[in-house]
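Trainee: This is the structure I have questions about; it appears just below.
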Amino acid sequence: MGPLTFTDVAIEFSLEEWQCLDTAQQNLYRNVMLENYRNLVFLGIAVSKPDLITCLEKEKEPCKMKRHEMVDEPPVVCSHFAEDFWPEQDIKDSFQKVTLRRYDKRGHENLQLRKGYKTVGDCKLYKGGYNGLNQCLTLTQSKMYHCDIYVKVFYAFSNADRYKTRHTGKKPFQCKKCGKSFCMLSQLTQHKKIHIRENTYRCKEFGNAFNQSSALTNHKRIYVGEKHYRCEECGKAFNHYSTLTNHKRIHTGEKPYKCKECGKAFSRYSTLTTHKRIHSGEKPYKCDECGKTFSISSTFTKHKIIHTEEKPYKCKECGKAFNRSSTLTSHKRIHTGEKPYKCEECGKAFNWSSTLTKHKVIHTGEKPYKCEECGKAFNQSSRLTRHKKIHTGEEPYKFEKCGRVFTCSSTLTQDKKIHTGEKPYNCEECGKVFTYSSTLTRHKRIHTEEKPYKCNECGKAFNRSSHLTSHRRIHTGEKPYKCEECGKAFKQSSNLNSHKKIHSGEKPYKCEECGKAFILSSRLTQHKKIHTGEKPYKCEECGKAFNRSSRLTQHKKIHTGEKPYKCKQCDKAFTHSSNLSSHKKIHSGEKPYKCEECGKAFNRSSRLTQHKKIHTREKPYKCEECAKAFTRSSRLTQHKKIHRMGVVAHACNPSTLGGRGGRITRSGDRDRPG
């Protein structure tokens, strides 16, 4: 059997077959053929360049060639060492099978060196290239290139072996510029272009520059909307074959990449690589603008847009613009209502796979991300990152309009919407509008009465996972959030933040109607309903309406008689946990709320607020019937009953109401004590 020739490793396509391939598949074929030729040259099988290779290098269609044109001539001279002998893209299984099958037919033991050369390094023409590569390799890897009579190196660098290299995690090729390592030389070559900014491929539509033609092709598919690869399971289409492969694992549940540190498995190798940085703490991507570091390059790229404020991806439906194509794709689902990711545990559907992943943790209770400072654990790495800023005091996001600083960019975005008044999310049931889609989702549960989050301890259900988390602390007694000022502890971080404002006196939310200021935006929203008289929450049992859903929930317990909160000290039961908390202070004698004006102390903040009105003489609650004003809304409510009972107008005058000895009759006369 003679030595291997290019004909043995060439794959032919007819014109019809070639036209059936898409651009990505044609590029893949081109890369495979060029690699086969480079490998033959590398082995010292000196061939004149076949017309097929010339054609492929000029990016012409190979199917237009005749069969005899593909046959290589007898050996003439040895070609130079091809440094980038590995292709830039992964070879598809179909091409792998054909190529490796052809290698097997001839046998790699028959891949002979050119006569007169005992080793690959003997060839003078590519000795320099070989020596350059040899310096990059370990001693073991270097020996792989030295063979006596037959060349085994060809098989050593086959696709099968390259696949093994990926799974063993070996990364012999290191970038001298930043120290990053790669398992393939071609990956290192591509990576180097990032440093030299060799962005030769430019998008004519948006002006974006890329250092790979494949990256430009991928980019074009984003705005063209070209999606060739469709999932047979759910019908979803993708613009890359690799993305489809990764997507299929959602259905199969396959997770072939496992972390040796904690045992967690992943469906993608890249996700495993990123995950490993949680354990190592590595953050190789640094922002030149603000100095912030990132463990993932994609997160770093997204972060950069914060500084540029570039938003190239626009929604055709509503005109809203985004800085990520993925965010636009997710946003479109608001208009279509599509929720392709479904939880098998409870049937809940989501429009993002990442949201489904986060949701699943509710059922498992898994909290793999632990704070080294205080030991608190979280189910999301992003929440751990946010939590750490409590210890460091870092607040990198500042809104110049109000001067407020935030630990998260998302919180800054939310705050901006408060000032602009933007509310793009509309409830179809009642017409109410919201600033955030998540708030609309929660609001809808009022109409559907859906409560997917259930307490295993007492069976109580909630419409928010955060409410369930807070509720569980009633059973455990856990209060992880402590005030450094007075030592008071809270079950929720939001309660601690609200409490801190008591000490600082900060009240950023002001009512335009009466000028009253509040610590929380939610309190301002509730307060506004006093002026509008809006009471959207109605009791089906008795028809009574309320301006807060929480008050309706409390009211319903009057009908059911439910009192789930019991005092261990005296066995007294309450309908609300807040009432139990207030009651406990009777036993302890605790009165943490003190009046700065007169020094009087109270066991409830609401009572201190009411008391302060004695000093300020503030009476915000006014009777529309007779203009009488009150310090409390409850007093106004009681007063209104006088008008409803048909009492004459002068009964509103305190002088006509007299002392305590009489009672008011329906006619307005007072019964005198006998």
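From the backbone N, Cα and C atoms, a Cβ is placed for every residue, glycine too.
Residues or ranges marked as domain 'KRAB' by Swiss-Prot: 4-75. Summarising the annotation, Swiss-Prot assigns phosphoserine to Ser605 and lists similarity to another entry as the type of evidence. According to Swiss-Prot, the region 'Disordered' annotation covers 653-674. Residues or ranges marked as zinc finger in Swiss-Prot (evidence: sequence analysis): 145-167, 229-251, 257-279, 285-307, 313-335, 341-363, 369-391, 397-419, 425-447, 453-475, 481-503, 537-559 (among others).
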Trainee: So if I draw a 10 Å sphere around the Cβ of Ser605 (phosphoserine), how many other Cβ atoms end up inside it?
Mentor: 13
Trainee: What same-chain residues lie close to the zinc finger (341-363): Cβ under 8 Å, and 6 or more beyond its ends?
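Mentor: Same-chain contacts beyond the ends: 250, 330, 333-334, 379-380, 452-453, 465, 468.
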Trainee: What same-chain residues lie close to the zinc finger (257-279): Cβ under 8 Å, and 6 or more beyond its ends?
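Mentor: Contacts with the zinc finger (257-279): 166, 246, 249-250, 295-296, 368-369, 381.
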Trainee: With DSSP as the yardstick, break the zinc finger (285-307) down into helix, strand and coil residue counts.
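Mentor: Summed over the zinc finger (285-307), the classes give 11 helix, 4 strand, 8 coil.
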Trainee: Using DSSP, how many residues in the zinc finger (313-335) fall into helix, strand and coil?
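Mentor: For the zinc finger (313-335), the helix, strand and coil counts are 11 helix, 4 strand, 8 coil.
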Trainee: Could you break down the residues of the zinc finger (257-279) into DSSP helix, strand and coil, giving a count for each?
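Mentor: Counting residues per DSSP class in the zinc finger (257-279), I get 11 helix, 4 strand, 8 coil.
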